[in-house]
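Lifted from Swiss-Prot, the feature list:
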TOPO_DOM  1-385  topological domain 'Cytoplasmic'
REGION    139-158  region 'Disordered'
TRANSMEM  386-404  transmembrane segment
TRANSMEM  407-423  transmembrane segment
TOPO_DOM  424-438  topological domain 'Cytoplasmic'
TRANSMEM  439-468  transmembrane segment
TOPO_DOM  469-532  topological domain 'Vacuolar'
TRANSMEM  533-552  transmembrane segment
TOPO_DOM  553-570  topological domain 'Cytoplasmic'
TRANSMEM  571-591  transmembrane segment
TOPO_DOM  592-635  topological domain 'Vacuolar'
TRANSMEM  636-655  transmembrane segment
TOPO_DOM  656-720  topological domain 'Cytoplasmic'
REGION    681-701  region 'Disordered'
TRANSMEM  721-745  transmembrane segment
TOPO_DOM  746-766  topological domain 'Vacuolar'
TRANSMEM  767-807  transmembrane segment
TOPO_DOM  808-830  topological domain 'Cytoplasmic'
Amino acid sequence: MGSMFRSEEVALVQLFLPTAAAYTCVSRLGELGLVEFRDLNASVSAFQRRFVVDVRRCEELEKTFTFLQEEVRRAGLVLPPPKGRLPAPPPRDLLRIQEETERLAQELRDVRGNQQALRAQLHQLQLHAAVLRQGHEPQLAAAHTDGASERTPLLQAPGGPHQDLRVNFVAGAVEPHKAPALERLLWRACRGFLIASFRELEQPLEHPVTGEPATWMTFLISYWGEQIGQKIRKITDCFHCHVFPFLQQEEARLGALQQLQQQSQELQEVLGETERFLSQVLGRVLQLLPPGQVQVHKMKAVYLALNQCSVSTTHKCLIAEAWCSVRDLPALQEALRDSSMEEGVSAVAHRIPCRDMPPTLIRTNRFTASFQGIVDAYGVGRYQEVNPAPYTIITFPFLFAVMFGDVGHGLLMFLFALAMVLAENRPAVKAAQNEIWQTFFRGRYLLLLMGLFSIYTGFIYNECFSRATSIFPSGWSVAAMANQSGWSDAFLAQHTMLTLDPNVTGVFLGPYPFGIDPIWSLAANHLSFLNSFKMKMSVILGVVHMAFGVVLGVFNHVHFGQRHRLLLETLPELTFLLGLFGYLVFLVIYKWLCVWAARAASAPSILIHFINMFLFSHSPSNRLLYPRQEVVQATLVVLALAMVPILLLGTPLHLLHRHRRRLRRRPADRQEENKAGLLDLPDASVNGWSSDEEKAGGLDDEEEAELVPSEVLMHQAIHTIEFCLGCVSNTASYLRLWALSLAHAQLSEVLWAMVMRIGLGLGREVGVAAVVLVPIFAAFAVMTVAILLVMEGLSAFLHALRLHWVEFQNKFYSGTGYKLSPFTFAATDD
């Protein structure tokens, strides 16, 4: 089979890399992405490995790159993508990259520091000028000359009125949210021996750190006494106020203001030069950072891979072990040969035997990746196990569409996915960072098929936004029924519900060419008809899907050489499943084919027949579908029950018998091996895990000696119980196809009846259809997308996911493997 139907053959290779060419060879392998290295130094600490110094140097460079990246983002610039694919640089270039990076980082730190210092000085000058410009007039309190006011202190200052009557001033600026608290604290701490004036700046000033505009409150405080002045200075320091000297004379203030404006202009010129130099430094950073990040990341990845290698006894080469696809072995040999020849040495790679299970490698493209992701989300398949993904490409969208069948809804989903497919090569679409969008974009081909299959099942259900469409003429004739029955006006007035009898000549003209006849949308028993149809269809699809899963297990047994499981597991499982539930499908189809409208009144009940089948009984009122039906049903039940002990005991007894036979044969085999020379032995398998003995599920000597019959029997008992009970529960689980399909149809009907039908009625009555239908259609469109497409679509998706993971894959798929994760630079280049 191809690699999509089964994972590729993977071999364990041993690489001998000369020390001089080890870096070049591993770098080349990273560009190709062919091998997954095994850690041969698992017991060695990360700090004791050979290339730990180089890894630390790369990590220090990454920290510097992070600092430069933050500075670029702080400046509002965008890093350009690196041009082309950059190889991992030679080790000697690491020192050059480090020197250039450190020099740029230091220049940025110096320029940023100077810029912040200049901005802080400019901010101080602007605040000082704003304080002088605010026009605070020195208010000499009349507390000592005039009458008392409400702020006149009740007690005199310590020392009496003759202590110090000179008035001093403190001017400054404070943040607005601190001004009320500052004013209250000053008044209480100084006991009222001050006069404070607060005013808000008319224009905000740029904050020196954040660069955002900030408002400030200027203040002027008049006080008496040195002790009060000390208190005021301490309080303003606690509130981080900007305090400036205040000049009482108007001429002196104007002169100081002119001097401050001149200093501000000079500082702005210096700051402009600093910012221009900063732009030049950032331009050099934009040139160095994108390629430098890619190169250092690749270099670090190479050294981490080299740390997984062991050193030869002569210390002249590194020894590595890696998993590689057999298909890629020639490319691996060529890459090692070309890389090592550049250094004048030769690297060697050869396959070695291994008892460990190899990793799973399944190559995908942009179409199959989303379907393979659905399978891998449940569990990565074992090595060379049958891959469910090729079949999931068809079955998953189809089962989704069975629950989501509607032509209109499927068409909207198809167009949305088609738009993503057509725009998949646009850089803006790929670079979108929205996580929800990325989820939809990665599954665009899955959505495309889901929409396409929903259109198909929508035509079968004959539903388009819950409305039936008449593509072909109906197979029922109302006129023929009216002519034959003689319906009069009085009869029609008395009977609101009329019955079309298919036994009347000319009433039923034949089946509808495709899908359900649109006349069923007018019938009172429309829901009952759809219930019966979808329920039986769900059971049929479920049994076929599960039987297909059991059949796929045959390919696993044949490939791994476990042919005894064909008779002891697969055959009993198919007999049990088809003997019971396959027979139920047969009854449904047989009744469809053999029970016509003329015999509909006496049609037997399949449900009663199926129940009587297990009870070994018969209902006289429920006639048989075919002769000797009871004998056939009893035989099938007995045959299905007989498969249970075979399924339970067959495989354990076979393994135990084979185990004992090998134990008896082992001494003779060892004597023959001792007599035979080493060169006389047959060729061993290169990959020990994939040898014939391993494929047959055989065990090595240690495992054979430890084989416990109770564990084997317990494992098989769990498998038997799970399968037998699962046949019942899984068949019932497929009824969710019927339930969700019915729910989707009814929800669509309710949305149409409660929104669009009301809107159409209002438009006809009021005569303003164009005005009324615009908001109503907008509401209908929004609710259709939000409820029927997103919510109902997600629900159907999750149920289809469960049907594949539990009901289908557990019949043949273990999912206990692990992916081949090749050493590659692809993510770094992207």
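Even glycines carry a Cβ here, placed using N, Cα and C.
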*asked:* Can you give me the average pLDDT across the topological domain 'Cytoplasmic' (1-385), rounded to a whole number?
replied: 84
*asked:* Counting Cβ pairs closer than 8 Å, which of 386-404, 533-552, 721-745, 767-807 has the most of them with the transmembrane segment (571-591)?
replied: 533-552
_Residue counts (helix, strand, coil, in that order) that DSSP gives for the topological domain 'Cytoplasmic' (553-570)_ = 14 helix, 0 strand, 4 coil
*Secondary structure content, the topological domain 'Vacuolar' (746-766) (per DSSP, counts of residues)*: 21 helix, 0 strand, 0 coil
*State the non-local partners of the transmembrane segment (533-552) in its own chain: residues 6+ outside its ends, Cβ under 8 Å from one of its Cβ atoms.*
386, 388, 391, 395, 399, 402, 516, 570, 573-574, 577-578, 581-582, 584-585, 588-589, 727, 730-731, 733-738, 741-742, 803, 807-813
*How many of the residues that make up the topological domain 'Cytoplasmic' (808-830) does DSSP mark as helix, as strand and as coil?*
8 helix, 1 strand, 14 coil
*Which sequence positions outside the topological domain 'Vacuolar' (746-766), separated from its termini by at least 6 residues, show Cβ-Cβ distances below 8 Å to it?*
406, 409, 463, 465-467, 772-773, 776-777, 779-780, 783-784, 787-788, 792
*If you run through the topological domain 'Cytoplasmic' (424-438) with DSSP, how many residues end up as helix, strand and coil?*
8 helix, 0 strand, 7 coil
_If we skip the immediate neighbours and take only residues 6+ beyond the ends of the topological domain 'Cytoplasmic' (808-830), which ones have a Cβ under 8 Å from one of its Cβ atoms?_
7, 10, 26, 29-37, 85-86, 88, 294, 297-298, 301, 305, 322-323, 325, 357-361, 375-376, 378-383, 385-386, 388, 395, 545-546, 548-550, 552-553, 556, 573, 722, 726
